[in-house]
C-alpha cells in the first residue's frame, strides 16, 4: 500500500498560529505532508519567500512527516502530481473562505480529478487570525507574538534589521 501524501499550500506571508494548527492537525492524517509556499501574484509580498520558508521549516521541525517546499510558477495540482500528493488540504475560518476555496476546488478537480481536497476548520482561538491582519498590526508597530510562531517572529525581526 502506498503512502498517503497531502499538500497544504498558501502564501504564508507571514505564517500564523492558525496555519501551524492546520499543519499539525493535517500531519496526523497523512504519512507525508508537504507544505507548499506559493507566490500569490494577487498579493503584495511582505516577507521574501526564502524567509517564509526558513521560518516555516523551523516552526514545523517537530513534525517528522512534514516537508516545506516552495513554488513560483506552477499550479497547485501540478505540484501535487509532482510530489505524489493525492489530497489537497485547505484551512477554513468562515463561509467566505469556503466560497473562495470552492472555486479553486472546481478548477483543481477539472484539471486533476484524482486529487481530492479536504477542509479543516480553524479552531475557535484562530478564527480571526489572518496574515493580512498580522501585517496590518506590524504596520502600526503592534506586538504580534501571540499570532505567529516564534520562528516567524525571528524572520520578521531579521528582515526589519536589513
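Every residue, even glycine, has its Cβ placed from backbone N, Cα and C.
These features come from Swiss-Prot:
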| type | residues | note |
| --- | --- | --- |
| BINDING | 11, 12, 19, 91, 92, 93, 101, 126, 127, 128, 129, 130, 131, 132 | ATP binding site |
| BINDING | 11, 43, 76, 90 | substrate binding site |
| SITE | 19 | site 'Transition state stabilizer' |
Expressed to the nearest Å, what is the distance separating residue 11 (ATP binding site) and residue 76 (substrate binding site) at their Cα atoms?
12
Is it possible to get the count of other C-beta atoms within 10 angstroms of the C-beta of residue 19 (ATP binding site)?
26
What is the biggest Cα to Cα gap, in Å, among 11, 12, 19, 91, 92, 93, 101, 126, 127, 128, 129, 130, 131, 132, the residues listed as binding ATP?
18
Between the binding-site residues 76, 92, 127, 129, whose Cβ has more other Cβ atoms within 10 Å than any of the rest?
76
Rounded to a whole number, how many Å is the Cα of residue 131 (ATP binding site) away from the Cα of residue 90 (substrate binding site)?
15
List of residues, in chain order, with Cβ under 8 A from that of residue 101 (ATP binding site) and at least 6 apart:
90, 92, 117, 119
Sort residue 76 (substrate binding site) into helix, strand or coil using the DSSP assignment.
helix
Distance from residue 76 (substrate binding site) back to residue 129 (ATP binding site), taken between C-alpha atoms, in Å:
24
Whose Cβ, among the binding-site residues 11, 131, has more other Cβ atoms within 10 Å than any of the rest?
131
Inter-residue Cα distance where the pair is residue 76 (substrate binding site) and residue 127 (ATP binding site), in Å:
24
Residue 19 (ATP binding site) to residue 76 (substrate binding site) - Cα separation in whole Å:
17
